[in-house]
Amino acid sequence: MSKVYDWFEERLEIQAIADDITSKYVPPHVNIFYCLGGITLTCFLVQVATGFAMTFYYRPTVTEAFASVQYIMTEANFGWLIRSVHRWSASMMVLMMILHVFRVYLTGGFKKPRELTWVTGVVLGVLTASFGVTGYSLPWDQIGYWAVKIVTGVPDAIPVIGSPLVELLRGSASVGQSTLTRFYSLHTFVLPLLTAVFMLMHFLMIRKQGISGPL
């Protein structure tokens, strides 16, 4: 094993990278509340893992979506556990994100020179809320259907561009298969990709600028 490690070490300088990661200075005022962002990241990773597992059984059609969710909960091996963990970690992610925002605001972590870190955090907050809206519709039960109908109908109040926005969100003039397909695509591909990109930006900025000092 040592020869294999030495081969990689010679080419990638793994030890130098590890030393750089583990030797970052942590200010003495940092406490448990500074871990809220990391907990949010952990919840996101749990979401990715459990969501990926459910894609093996979920069918994004208006005729089969609800039945496929029932199959996951009642027949698929550990399906009930995977979906339950997915739901619990989703709620935990939202809660931890809200607490993280309050902590950053109350400790002044949004001030110069960390404005861009704050902006990426706000974008991540919007993406997290979007996860909730799109994921809520996927079982395609009564609650999910009417939630989608109400949410996608909100832009209709905007003058001129309201109706085109509604049709863009729904994929047609009314809520149906096109809507479910779009929400499934957003929930399983677009939003996770954007979240991963903005999380990477967020953490790189924190890594570069360090943790903000005490008030």
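In case you wondered, yes, glycine gets a Cβ from its N, Cα and C as well.
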Transmembrane segment range according to Swiss-Prot, out of 53-73, 116-136: 116-136
Candidates Cys35, His86, His187 (binding-site residues) - the one closest to His202 (heme b 1 binding site) by CA: Cys35
Cβ neighbour count (within 10 Å, all chains shown) around His100 (heme b 1 binding site): 22
